[in-house]
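Taken from TrEMBL, the feature oxalate binding site covers Asn108, His113, Glu118. Annotation source TrEMBL lists Mn(2+) binding site at His111, His113, Glu118, His157. TrEMBL lists Cys31-Cys49 with the feature disulfide bond. If you look up TrEMBL, you'll see 63-211 marked as domain 'Cupin type-1'. As annotated by TrEMBL, signal peptide applies to 1-21.
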Amino acid sequence: MAKLLATFVVVFLALAATSLAGDPDMLQDICVADYKSLQGPLRLNGFPCKRPENVTANDFFFDGLMNPGNTGNAVGSVVTPANVENLPGLNTMGVSVARIDYAPWGVNPPHTHPRATEIIFVLEGSLDVGFITTSNKLFARTVCRGEVFVFPRGLVHFQKNNGNSPAAVISAFNSQLPGTQSIAETLFGAAPPVPSDTLARAFQIDAGMVEFIKSKFPPKY
């Protein structure tokens, strides 16, 4: 019995370690993403590496976060990412960042990052932020310029500019490509669409209201 228990503990810890891990550890100094390889038959979890002789310093450089993004949209916020899709040197590094700009009273709607924990540093303005645990407990507070807040991996969270002037943050993630699922857009803008009767039952509204909401989220595919 003791031997069986010890074996179970070892297996459990191994599985737990795997499930808690972030992006895979690096196996070499650099592995700059080779986007062209994905145009062929090669498919893998992540990006293949460029040949070392084809790597340059520009593969590790990105200047897209210098200026505010355009917040002239329905929610009044815009995310400008610096992840492996536009900064190839991040491949296998397990980190990425983003800039989020908010119009006055703008909202970064409830969403999740399935592959990363997020930490924000407020550049300017004041935000009401929060996340919700799986037991439906809300942790929320106001964060101001120079302050930091953390959103645990995979949990629904949001940010809202609580002032009448623009706000901005820098977000950091422990993944080269954290992924984002906006709750409303995911449910009401999926392609093929989620059945309206399913959404009506889930939100306890009528199908006509579901169709109205879907009209606000045209599918991207």
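Even glycines carry a Cβ here, placed using N, Cα and C.
All TrEMBL annotations are machine predictions without curation.
Everything TrEMBL records as a feature, shown here on the structure.
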| residue | record | CB count, 10 Å |
| --- | --- | --- |
| Cys31 | disulfide bond | 21 |
| Cys49 | disulfide bond | 19 |
| Asn108 | oxalate binding site | 25 |
| His111 | Mn(2+) binding site | 20 |
| His113 | oxalate binding site | 22 |
| Glu118 | oxalate binding site | 23 |
| His157 | Mn(2+) binding site | 23 |
*Hey, how far is His111 (Mn(2+) binding site) from Glu118 (oxalate binding site), Cα to Cα, in Å?*
12
_Take the mean position of the Cβ atoms of Asn108, His113, Glu118, the recorded oxalate site. Which other residues of that chain put their Cβ within 8 Å of it?_
His111, Thr112, Ile120, Phe151, His157, Ser171, Phe173, Pro178, Thr180
*Provide the three-state DSSP residue tally for the domain 'Cupin type-1' (63-211): helix first, then strand, then coil.*
22 helix, 59 strand, 68 coil
*asked:* If I take the Cα of His113 (oxalate binding site) as reference, which of the recorded positions Cys31, Cys49, His157 has the closest Cα?
replied: His157
*Around the Mn(2+) site (His111, His113, Glu118, His157), what further same-chain residues have their C-beta within 8 angstroms of the site's C-beta centre?*
Thr112, Phe131, Phe151, Leu155, Val156, Pro178, Thr180
*Of the binding-site residues listed here (Asn108, Glu118, His157), which is spatially closest to Cys49 (disulfide bond) when Cα positions are compared?*
Glu118
*Cα-Cα distance linking Asn108 (oxalate binding site) and His157 (Mn(2+) binding site), given in Å to the nearest integer*: 9
*asked:* Measuring Cα to Cα, how many Å separate Glu118 (oxalate binding site) from Cys31 (disulfide bond)?
replied: 24
_Rounded mean pLDDT for the residues that make up the domain 'Cupin type-1' (63-211)_ = 97
